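Beneath this line is the structure, given in structure tokens, with notes to follow.
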Amino acid sequence: MRPGQRSDHGGTPMRAVTANGAHAGHIAPGSSGQTRLLRLLLALSALTALFATATAPARAADGTRSLAAGTTPATQAAYLADRLRENPVYVTDQLPRELPVSTAPDFARLAKRTGVPTYVLVLPSLSSIDGRQLLGAVHDRLGRDGLYVLVDEGEVAEATAYGVRAPADAASTVSLYELPYDAGPLLSFERFVDVIALGGEKATARAEEARAKHGNDEPAEMYIGPSDRNNQSLLTGTLLTFVPLLIMLSAGYVRRRRRHSGAGRRLPRWVVPGTAVLTAAAIALTAPAVFDQTRSSAARIPSPADLSARVERVAAGLKQDPVYADPESPRVLDDRQRDRLHDRIRDFRRSDGGGPVYVSLVPQTPESESAGDADLFAAAVHAKVDVDGVYVVADPADGTIDVYNHGLRLDSNHLFLDLPDSVAYGDSKADEADDHLMGERLDALMTFLDETPRTDRPESESAPAPAPRAAEEHALPPLFATDFWPGLFVGAFLALLLSGVAAGLAWIVGALLRRRSAAPDSPASAPASTSAPASVSASTLRRTAHTELTSLVREFNDQDEHGRAWDCLDAALLLVDGDPGRTRERGADPATLVAVIVLARAGRAALAGEPTEQCCGVNPLHGPAVGRRHVRVSRQGNSRRMLPVCDPCRDTAVAEPGGMPDRLLKLPGSESGGSRPPYYEATDGPLSAVPDGIARVIEKVRETAGVH
């Protein structure tokens with residue numbers, strides 16, 4: 001038995017000596033030589049036991065206690081099983097910014113609703129590589145059947161039922177798919193418990209429903225972030241000036257028009273300003289009700305005790321042993337490595353310029369009291385331990401090692417700048433190892449400390465920046481702040497801009513209307529518009545087709561019976577069985593209506609002496625084409641097609657090829673897979689021949705009608 005190591009049986013060594021002495025008393029007198037030899041061996045044994053007893057305190061005082069069976073930290077599963085034996089709900093102290101320890105009663109209250117013995121572990125997500133394996137190990141050590149649930153900082157991570165009937169998998173599925181990712185662990189556990197209470201059959205059905213629904217529609221987020229709040233503030237400020245100012249500018253424009261036209265009665269002067277003020281007040285009062293979010297996360301606000309619990313736990317452990325391994329995390333040091341590290345710490349403490357070394361094998365997460373800042377954690381632990389020394393923070397989760405000098409005669413710049421990356425972060429082998437080769441790297445760290453230059457005076461780390469205040473960390477800024485003020489200027493600018501554009505357009509439209517009313521009607525004028533939308537309604541097509549076809553019939557000259565105009569008129573009438581009135585019927589085929597429009601416009605152009613061989617193949621409603629060009633026809637991939645194009649489509653194809661799919665004509669009622677295909681894919685009738693020219697459209701109409 002090594003010095004300082006307690007036996008598993010307390011006083012067994014002394015009892016062994018007593019038993020041997022009694023047995024020696026019964027040895028025959030003739031065996032005096034053997035008796036003396038036996039007494040000598042017993043005396044040596046007693047001296048060994050006495051030496052072990054005397055040296056144990058010395059090693060403990062040196063801060064390098066050995067890790068025998070009595071002092072070795074319990075394994076992760078054993079430690080957690082002991083905690084569940086004390087209370088069926090265990091909440092870690094490592095996540096105070098997300099799940100403070102004070103939420104344990106909430107978990108306990110929910111756990112009672114399952115109807116079966118339920119054991120809940122709330123741990124950081126990196127505390128276990130395999131949650132199911134951890135739950136199984138905890139169950140084996142606890143020895144109690146029930147529903148075991150592992151919750152991390154985001155959701156219910158794992159759940160398994162041992163010896164009880166509980167639809168754990170179905171409940172986990174529902175909590176995963178029915179809730180958004182930012183719902184938080186407490187709400188996730190509540191949904192999990194509700195599904196457990198449904199029973200196996202109903203829980204399974206709900207899980208299938210949740211899985212199927214999730215594939216098509218993910219739940220909307222429950223919380224917004226600071227950038228979203230900034231956007232809300234910007235929108236509120238913009239509307240607060242844009243709408244009232246637009247009302248006043250528009251009213252002024254209308255008032256001038258009415259005065260110019262000699263219109264009679266005028267509204268009282270206070271009506272427009274009053275309306276603008278009431279509108280602004282309505283926006284200001286409505287915005288906070290619409291944008292009513294106050295926090296960006298489901299995280300609970302921790303108490304001061306929640307924030308200090310882990311630091312106090314680690315500091316208390318370091319006062320007993322300079323190497324503190326977090327019992328909630330997997331072990332990364334075996335007994336031999338711990339003994340070796342204790343020896344190196346003891347030697348460094350006795351060296352010239354050396355001193356105490358405290359190693360904290362504790363994970364650093366953003367949800368911890370120090371927000372994942374190892375420097376801040378080390379400073380807090382140093383303040384609690386209240387002993388100067390080197391404080392090492394080794395993360396058993398990601399394998400990083402940070403070193404901080406607090407009050408020793410060591411070159412702190414050397415510690416910070418020259419610490420090898422192989423020690424601080426490890427290499428590829430360390431990344432692949434479960435223990436991150438922590439034992440070897442800490443041993444290398446002690447060698448680095450031994451070789452660190454000494455200084456004349458003790459040095460300490462500068463005070464680290466404080467962690468974000470937990471009460472304010474997830475609080476959203478006020479709505480009437482941040483980007484609200486720039487939004488006021490944006491709204492005013494947009495109102496002025498829109499008013500100016502509207503006034504300009506009104507002037508242009510008025511001028512065109514005046515010119516058109518002053519000029520004689522031109523039978524050759526074609527109402528085609530290059531700005532025709534890509535998606536048109538059936539009513540618009542019916543109205544346009546009837547107007548175009550009746551105009552062609554009215555303008556047609558019998559002397560041109562065998563010309564292009566006649567061919568177009570004949571084909572258009574074939575499409576409606578000779579009755580232009582059929583274009584107004586509600587059941588008219590949209591593809592047929594577009595073909596009628598194309599043929600009627602081509603016929604009217606021929607009558608005007610401006611025959612055209614092709615119309616725009618991107619959107620036949622745009623009118624005549626000016627050339628042909630390879631056009632991108634699909635957003636997926638780089639699918640292209642040679643099509644005749646009008647002027648605007650040609651310009652778009654050159655300047656913005658990716659916008660061409662949006663300009664392709666889509667027929668109403670042609671939805672396929674949630675979207676409308678281009679017109680030439682939605683029909684195999686005459687309209688599909690538009691890209692090949694007007695003559696081909698006429699031929700296809702006659703082929704379809706059986707006329708030659």
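Each residue, glycine too, has its Cβ placed from N, Cα and C.
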Response to the item:
Range annotated region 'Disordered' in TrEMBL (choices 447-476, 657-686) is 657-686
Response to the item:
Ranges in play 234-254, 591-611, with TrEMBL marking transmembrane segment at 234-254
Item to complete: Kindly report the helix/strand/coil residue split of the region 'Disordered' (657-686) according to DSSP, in that order.
Response: 12 helix, 4 strand, 14 coil
